[in-house]
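Only one structure is covered here, and it is reproduced in the block below.
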Amino acid sequence: MESENSCSTQKQKLEVSDILSKSVMVYLRNLNFIIFTFLTSLPLFCIMVYFEIYLQEILVETFNIFNLSYGHLPLYDIDLISRFNKDYFLKLIFVGFIYMVPLYVSEFVSAAVTVDLASKLHSREKKMTLKEMFETPFDLSRLRASFVTSIYVLFLTTTHQLGLLWIVLNYHVFLKGTSFYVLLAVICSMAFAKVLRMYLEGSAMWNMSLVISVLEGIYGVDALAVSAYFSRGNHRRGLFLMLIFFAWGHLVRLSCYHIGGYEQGNAIFVQVGLSCMVNQLKWVACMIYFHDCKERKLEKKTDEESGKDVKNGP
């Protein structure tokens, strides 16, 4: 009997492929949901187009600065510093401002609305009309409180991204021209892989905390704590789930960068359109991932309590 129960519980567990397929099915079964997410993500799309143009210009300028012949390290450093002009730093600050204020706020609002509606569609069999989707009440006080959680998520995300950037810059600026190049390249690669793994595992947990804030009404540090509790034993799934979206986003961006997308408006529009589409899918996947992790924990807690009752029974 116990083996039958464990088998039935095992069937309920979702792997990464199951989460992705369920996320896609939420869209395929609801054409109105596709239209709804498209309309609600238009502000994000417009801001992201503006952001990507400036970001790719920065990437091109940075590549030109670092694309030097490597001689002696001190001379290289002096030449390198001279290439960073005032316009470059102002543009860098401007890109950082766009990322941390208008882009992040618009992405947060889009994510919160998508998660809330996707959860309702996921939990009910009846389809909703487009009119019902727009008329569905959304608690604005919960949205404001969820923004507190998003600030924590932004801080944690940015610090890990800066850590990855710091490793890359150290490699290119200080280490690439040294005599121990191969050894240092291996060390930097290992450090980068370690921080990237921490970032991806953390992203799954941080995104879940935002889902918890939107759906459960738990905010800030409490949401992060609940997310950490539900994520125990699920880090591998979260890692691979976030790796898929991370790889997709950077593959699309680098492809656009490679063809000079910032100079060709059509390429940028295609890149941002694909990024917005997958970004919405990511939040639906995070919602399903949260529900599955929550169900696993509740089932485990129920099994433990049942075991205690049997142990303490007559």
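Glycine too: its Cβ is placed from the backbone N, Cα and C atoms.
Summarising the annotation, TrEMBL assigns transmembrane segment to 31-51, 88-105, 147-168, 180-200, 206-226, 238-260, 266-290.
Of the Cβ pairs linking the transmembrane segment (266-290) with the transmembrane segment (206-226) and spaced 6 or more residues apart, 3 or more are under 8 Å, so the two regions touch.
Beyond its flanks by at least six residues, the transmembrane segment (238-260) meets 16, 19-20, 52, 56, 59-60, 197, 200-201, 203-205, 207-208, 231, 267-268, 270-271, 274-275, 278-279, 282, 285, 289 of its own chain at Cβ-Cβ distances under 8 Å.
The transmembrane segment (180-200) and the transmembrane segment (206-226) are not in contact, since fewer than 3 Cβ pairs between them lie under 8 Å (pairs 6 or more apart in sequence). Counting residues 6+ beyond its ends, the transmembrane segment (147-168) has Cβ neighbours under 8 Å at 100, 104, 108, 188, 191-192, 195-196, 198-199, 202-203, 206-207, 209-210, 212-213, 219-221, 223-224 in the same chain. Beyond its flanks by at least six residues, the transmembrane segment (206-226) meets 108, 111-112, 115-116, 119, 142-143, 145-146, 148-150, 152-153, 156-157, 238, 242, 282-283, 286-287, 289-290, 293 of its own chain at Cβ-Cβ distances under 8 Å.
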